[in-house]
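Taken straight from TrEMBL:
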type: ACT_SITE; residues: LYS184; note: active site, proton acceptor
type: ACT_SITE; residues: GLU191; note: active site, proton donor
type: BINDING; residues: ASN104, SER130, GLY131, GLY132, HIS187, ASN188, TYR192, LYS262, ARG289, ARG443, HIS449; note: substrate binding site
type: DOMAIN; residues: 180-465; note: domain '6-phosphogluconate dehydrogenase C-terminal'
Amino acid sequence: MAAARIGVYGLGTMGAALALNMAEKGVAVAVANRSPGPLEAFVARAEPFAARITACGSLAELIAALPAPRLLLAMIPSTAPMDAFLDEVMPLLERGDTVIDAGNADFHATRARAARLEAAGLQFVGLGVSGGEEGARHGPSMMFGGSEASWQALEPILSRIAAPYEGAPCVDRMGPDGAGHFVKTVHNGIEYADMQMIAEVYDLLRHGAGQSPAEIAAQFGRWSKGPLESYLFEITATVLAAEDSHGAGPVVDAILDRAGQKGTGRWTVIEAVRLGQSATLIEGAVAARAWSAEGDLRAAAGAAFGTERDALQLDMNALEAALLAARVLEYAQGFRILAAASAEYAWDLEAARIAEIWRAGCIIRARLLDDIAGAFRDGAPEGQLLLAPRFAPVLAAGIPALRALVAQAVAAGYPLPVLGAALAFWDTLRQPRGTAALIQAQRDFFGRHGFDRVDGQDARHGPWWD
Ligand SMILES: NC(=O)C1=CN([C@@H]2O[C@H](COP(=O)(O)OP(=O)(O)OC[C@H]3O[C@@H](n4cnc5c(N)ncnc54)[C@H](OP(=O)(O)O)[C@@H]3O)[C@@H](O)[C@H]2O)C=CC1
Ligand SMILES: O=C(CO)[C@H](O)[C@H](O)COP(=O)(O)O
């Protein structure tokens, strides 16, 4: 049996898949799990790679199986269980060992944990992993946050298990401490907006245009072969074509209309606001999931006020152009949040590199990311994707289509939390003079807050204070 190069603790959906990926790619790995059942199941699944797997019955056994300096990757909930895990494991480790949190963590917690381990002579890495179970098993996209030394130690393993894009592994060091988990959080925020945008189009096609799930599946399949090509469009086509195994017809009709959320979308919005930024498309998606949980309220409101909505006339080419423009706006917001965080935390995040490592393995992988990476490499004016010359034709064609779509849908009674937010974002940003002068006057009126004048003169208050 080969000596383990890395340990994986937590053999749930993601941990088991990552450990199998490592073993398959020639990385000897020691594994353990809190409860025995998943370890036994893992050992059975890992049989083809048994020579590169050391199964350990306890955390202490796992630590003992690793040569110092140790690399120990934990794939467990990155909330309270991670802190409890650190309490348990830290006394077992030696100076120079590295603990990797590969779960979805709030980057503030990652920063605190990194400081805690550093004080004890240990290294802590926050590793964003995207791609779900399939990605973890065969090649995820990974966003590394930690010291340069820990990157040097881990890079050979991570590059080997990452998804390749044109031969290059989709993994890189984003920066120190929480940088990797922050980038993963924003990735998930974009994921939320993309999913909700797709759901809005599904609603329009299903209830506005009267199409069946199978017809909509075929449409998403066609879009998946064009500029909207992406993992989320592909799986939408598959999901909508699927029939319920209990005979309820299309499986989508058998599923409760209530979306779950574990926190990353919400964190993206909270961090955007903290940074003085906006994440209105992502907030639209988070809100839609929250409203979906209020089934009783929606039933009562529907009974009181009616559920009618009008039929829609939808042109599939216009819809494609509108969706592409909205997707550009969604990524533009995401990258603005990343840029703001990079400045705030002195991370030096490289936008082009982030787009590049999102091109394969992750949930938001999309053909568009190639152009986004290119736009940043070309030097998007003021670092803004919206101003990148290569997106000018996409926006010129797509914004009128998006406007017509939103206008028609809103007039007919369809909610578009994300597509509507995309248009408002665009229409706000293209007006050099907006509505803030009135806001400033109001603030001055009630709170003597003062304002700057357009002519540069010094009168800081309105006539109401003369
Ligand atoms: N599923 C996904 O698509 C993705 C998930 N992630 C992140 O990966 C991490 C794991 O998720 P996933 O694999 O889906 O989850 P699972 O529920 O499949 O597995 C959870 C794992 O965590 C262990 N665990 C739970 N609580 C504790 C605890 N208090 N102490 C020790 N171990 C504990 C479980 O052990 P036991 O078997 O004993 O219960 C199990 O091994 C999470 O942080 C998640 O956010 C990241 C990207 C994608
Ligand atoms: O990180 C992921 C995908 O990238 C996980 O699947 C995550 O759980 C998705 O978030 P949520 O559960 O809130 O939808």
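Cβ from N, Cα, C; glycine included.
Features per TrEMBL, on structure.
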| residue | record | Cβ within 10 Å |
| --- | --- | --- |
| ASN104 | substrate binding site | 21 |
| GLY131 | substrate binding site | 25 |
| LYS184 | active site, proton acceptor | 27 |
| HIS187 | substrate binding site | 24 |
| GLU191 | active site, proton donor | 22 |
| TYR192 | substrate binding site | 28 |
| ARG289 | substrate binding site | 19 |
| HIS449 | substrate binding site | 13 |
From ASN104, GLY131, LYS184, TYR192, ARG289, HIS449, which recorded positions have a C-beta atom under 6 Å away from some atom of ligand 2?
-> ASN104
If H, G and I count as helix, E and B as strand, and all else as coil, what does DSSP give for GLY131 (substrate binding site)?
-> coil
For ligand 1, which among the recorded positions ASN104, LYS184, GLU191, TYR192, HIS449 have a CB under 6 Å from it?
-> ASN104
Tell me, what is the mean pLDDT of the domain '6-phosphogluconate dehydrogenase C-terminal' (180-465)?
-> 97
Taking the residues ASN104, SER130, GLY131, GLY132, HIS187, ASN188, TYR192, LYS262, ARG289, ARG443, HIS449 listed for substrate, what is the greatest CA to CA distance in Å, to the nearest whole number?
-> 49
State the three-class DSSP label for TYR192 (substrate binding site), counting H, G and I as helix, E and B as strand, and everything else as coil.
-> helix
Running the binding-site residues ASN104, GLY131, ARG289, HIS449 through a 10 angstrom C-alpha radius around the residue listed as 'active site, proton acceptor' leaves ASN104
If you measure between the CA atoms of the residue listed as 'active site, proton donor' and GLY131 (substrate binding site) and round to the nearest Å, you get 11
Can you see whether DSSP assigns HIS449 (substrate binding site) to helix, strand or coil?
-> coil
